[in-house]
Every structure is written in C-alpha cells, then in structure tokens.
Amino acid sequence: MNSGSLVVIVGPMYSGKTSELISFIEIYTLGKKKIKVFKPKIDYRYNNTQIVSHSKSAVDAIAITKPKEILTYLQGNENAVFIDEVQFLDETLREVVLQMIESGIDVYCAGLDLSFKANPFIVTALLMAHADNIIKKKAVCHECGEYRGTLTYKFVGNGDEIDIGGFDKYIAVCRDCYLKLKQKNE
Ligand code: ADP
Ligand code: TMP
Ligand code: MG
Ligand code: ZN
C-alpha cells in the first residue's frame, strides 16, 4: 500500500480556503471515493454539522474537539480525510495527520496561516512543514481592491487571537493596507 499525501490550504479570511477544500471533496465524491470531513467544534458560525464557505456552499462534517477523535471515526476504508479551520485544533493534529498519511489516506487541511496580529498559528505551520503541497490563497484587499490580500485585519473588539466571526469583525487586506490601518488605529 502506498502512503497518502498531505495538501494544506492556507491564506487570510475570505481567500477561498473552504471553497477550495469543498472542490477537492467534490473530486473525491465524483470518483466514488470514501471520505470523511471534520471541523473543530469551536467554529459554530453557521452550524455544527457542516463546513460552510463565505459564498454559502456547504458540506456535511463531523465536529470534533480533540484531533485524536478523528481516528475514532475512521473505518479503515477511507481514501481521503478533509479538515477545515485547523487553526482551532491543538498541535497533536500533526501526529494524527501523519498517522493517516502513513496508513494510505490523502489528507486535506485548510486553515489560517496567520492571526489578525500576523502571528503564525503553530498547528498550521507544523502541517505546512509536512505538506506535499501547500496552496496559498489570496483575497481581494478590502481597502485598495487589489488581489493581494494576504493578511486579516480585525476592526472591532478585543485582542483575542481566537475569536469566531466574519464580516462583523474581520476584513482581508494586503500588506500595505494592513500597515496603514495599524498606524491609523494605534
Ligand atoms: P475562507 O475559507 O478562506 O474564508 P471561503 O471559501 O469561505 O474563504 O469564501 C470565499 C468566498 O468569499 C469567495 O468566493 C467570495 O465569494 C467571498 N468573498 C468575500 N470577501 C472576499 C474578498 N475580500 N476576497 C475574496 N473573496 C471574498
Ligand atoms: P475563515 O478563514 O474560514 O474565514 O474563518 C476564520 C475563522 O477564524 C473565523 O471564525 C474568525 C476566526 N479568526 C480568529 O479566531 N482569529 C484570527 O486572528 C482571525 C484572523 C480569524
Ligand atoms: Mg473557511
Ligand atoms: Zn490593499
């Protein structure tokens, strides 16, 4: 048996990470492959049994709290496993993902590479280190309109780096606009 491969999809908010994950899910589904889809329970934004993109496409998913729970849902015949919002899972996700790849499962992970403070989410960085392929997505910058959005800016509330939200709190911006906004508001 061959080992599986790891694809990691990263970028700022609204850059199409979940949409890209859903496209890969469609490819495996069309090929009648066995798949499982997971998301962290903390992300209650739309509902707890689906992953949902900002453009409202949705796929059923199993909500988990700890990475190890993923293994308890596997039946041993899966071709691929998909995990959205990996930044909300702890770093033991690395071992769980490696175990799946070594047992022949293709693993697709999507998540934020950087917090709104531009600090790396360590779990995403660890997965990127093991990835066979990293897909780095961009968003349209909310300020200048260029397709260069690599960062997320938070315009309300507290400094929490774990804070569920959408257009009510966060915009995607390019590096220049991120620096301008920070200078203006600090
Ligand atoms: P992510 O999971 O990276 O947040 P999604 O796949 O959920 O991204 O959403 C991507 C969709 O968000 C795009 O197809 C587009 O319809 C919408 N969208 C909203 N704001 C932006 C933006 N600033 N740049 C790009 N797409 C945006
Ligand atoms: P998205 O990447 O699919 O748009 O979702 C990102 C989620 O992460 C959203 O619920 C907001 C949250 N978030 C944080 O908790 N901390 C952050 O620093 C950023 C940028 C987003
Ligand atoms: Mg998403
Ligand atoms: Zn910009």
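Each residue, glycine too, has its Cβ placed from N, Cα and C.
Since the structure is predicted, the reported quantities are computational estimates derived from the model, not experimental observations.
Over in TrEMBL, the protein carries these features:
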ACT_SITE  GLU85  active site, proton acceptor
BINDING   ILE162, ASP163, ILE164, GLY165, TYR170  substrate binding site
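Feature map: TrEMBL annotations on the structure.
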residue	record	DSSP class
GLU85	active site, proton acceptor	coil
ILE162	substrate binding site	coil
TYR170	substrate binding site	strand
Quiz prompt | Cα-Cα distance linking ILE162 (substrate binding site) and GLU85 (active site, proton acceptor), given in Å to the nearest integer | solution = 12
Exercise. Just name the most isolated of the recorded positions GLU85, ASP163, going by other Cβ atoms within 10 Å of its Cβ.
Key: ASP163
Quiz item: What is the number of other Cβ atoms found within 10 Å of the Cβ of TYR170 (substrate binding site)?
Solution: 19
Quiz item: Apart from ILE162, ASP163, ILE164, GLY165, TYR170, which residues in this chain have a Cβ no more than 8 Å from the mean position of the Cβ atoms of those residues at the substrate site?
Solution: LYS154, ASP160, LYS169
Quiz item: Long-range same-chain neighbours of ILE162 (substrate binding site), Cβ under 8 Å, sequence gap at least 6?
Solution: ILE42, PHE88
